[in-house]
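Feature annotation from TrEMBL assigns domain 'DYW' to 548-640. Under the heading repeat 'PPR', TrEMBL lists 98-132, 230-264, 300-330, 331-365.
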Amino acid sequence: MSILVLPSVTANLYNLSNSYTYSKSKTNNDQNLRRDTEIISLLQQNRKNLKHVESIHGKAIKKGTEQDPFVVFDLVRLYCKLNIDHATKLFHCTHNPNVYLYTSLIDGFVSFGSYSAAIALYAQMGHKNVFPDSYVVTSVLKACLLQRALGFGREVHAQVLKSGLGLDRSIALKFIELYGKCGELEDARKVFDKIPERDVVAHTVMMASYFDHGMVEEAIGVFDGLKTQDTVCWTAMIHGLVRNGELNRALEMFREMQVKGVEPNEVTFVCVLSACSQLGALELGRWIHIYMHKCNVKFNQIVAGALINMYSRCGDIDEAQLLFDDMKVKDVSSYNSMICGLALHGMSIEAIELFREMLKQGIRPNSITFVGVLNACSHGGLVELAFEIFQSMETLYGIKPDIEHHGCMVDILGRVGRLEEAYNFIDRIGAQNVDDKMLCSLLSACKIHGNSEVGERVAKRLSECSSRMDSGSYMMLSNFYASLGRWNFAAEFREKMEKGGILKEPGCSSIEVNNVIHEFLAGDLRHHERRSIYRKLEELNYLTKLEGYSPATEVALHDIDDKQKELALAVHSERLAISYGLISTEPHTTLRVVKNLRICDDCHAMIKLVAKITSRKIVVRDRNRFHHFENGHCSCKDYW
């Protein structure tokens, strides 16, 4: 990776490497300078006010002690926190700055995001013959890490090995992080293996590097190599598994952590609640909520937000609302969790009212807030209000809309059938603000509203994004052309997908029964109660047809006859999950199902009748939102 540094960086690094042979005493003569205790005392008392620090600096100049190394050091450190330009100017006015000043200013540059400047300053040390120590090396490696400056990091690595600093533990950990973040896992592992005493921290850093690149088994191998695993290490393991979609393994790891007697902290619980949220494991989430009380976990805003998110994403929006109402102090994150939860459940008016309450409380919304409230407008078909809120982002709050916000607006227009307007909106915002998900959303709307003219324009545009398309985009194109009966085009996109090695994401539905998550694929035969499940499904097919259900074979987008299409629809994963729920839970209890894809029109129509026939409330969370089926109706009012 190239970095913007001084042209002489490499030469200065060479000088720096050679300067190791010089005596440290040659670098500075700080001990010959007197220490101005009065100025230092004043600086310690006035650390947060820039004007006061400037005034004390002026006093030091008048006293002639502005070159006192202790005064300069304190001033540079304070200016690095208050005004980086002041720190830089003072540094360059200092006679023979020592390694501590270099470290302070490099840290300052890093904290202000000026990573290239930090790297360039480190390189200058070689020209000034300043001998680096482990602290300044660690500081510049932070800059390399954040800049992803792998090449420069390698040069620093060579220098520290020559100097004898290479075995320093803090430096070694930074090199593992740097190589890990830059994808050089073999180099990261070599550094890890050479650390004489690999403790929990070293193992945790190495695990995180593997997890960052989806190398789950390698991370587990590092974890298993630890003799003693503390709370931080267990938490890092659970967090890494959650990030990589290994949700059930994360929960198993949490159970094993309890068996081993390692007490979880609030971060552990936040990670576990995230796994529950994604799986829809409500009962397990409830148990964890109770267990948190037993562990005396402090219910701060982060923990409360994780609980609100868990309850809302697991289908219990009422419990989420109670938790939110009980919070004594609410910040923007708390409001975001609740607004997004309400939007997910189609409670558009409630989400918008909460947004307005937030503004009245003087809490400034952020980018996430607007995603939540725009989604609420989309689910409620509130087009004009959505445009009003969208325009206020930049005019009132200085937040520039990004791809996600633009995507919400396209979704809103598409849902209400204003397809030409949505297409023109995409044209106006520019290619850099358009992604394949946005185009898929509009193409889906064209299919639903039967507008093939706009749909073909969108399909052409989407097919031009082939380098960025995932399986969902290919399937959307294939399904769109199949819905028009143009089977050759549909087959062409499936073929492209196969040639590109892109696997179709299989439809998967899960249901929690007695704290166990049961997963089903379409036509699944793996479950130990499959015979009872399919008997119940046959019974439901018979009863729903008596209620007027007729399979919508047009949504089975394959070039096969209607009988085959009907059979394909009958074994969709959500139907299997619901059938299992009906045979394994008490009558009249609510069934909660999570599906990874959008629920199809045919299943939506059937589940409404199943809820009516069985006198059950059935809650289904698909990729887009929650559907609350009850008494033959759905909360989305057939608008999703």
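Cβ atoms here come from the backbone N, Cα and C positions, even for glycine.
Helix, strand and coil content of the repeat 'PPR' (98-132), in residues and according to DSSP, is 26 helix, 0 strand, 9 coil. Beyond its flanks by at least six residues, the repeat 'PPR' (230-264) meets 200, 203-204, 207-208, 210-211, 214, 216, 219-220, 223, 271-272, 274-276, 278-279, 281, 284, 295, 517 of its own chain at Cβ-Cβ distances under 8 Å. Averaged across the repeat 'PPR' (98-132), pLDDT for the predicted model comes to 89. Counting residues per DSSP class in helix, strand and coil order gives 23 helix, 0 strand, 8 coil for the repeat 'PPR' (300-330).
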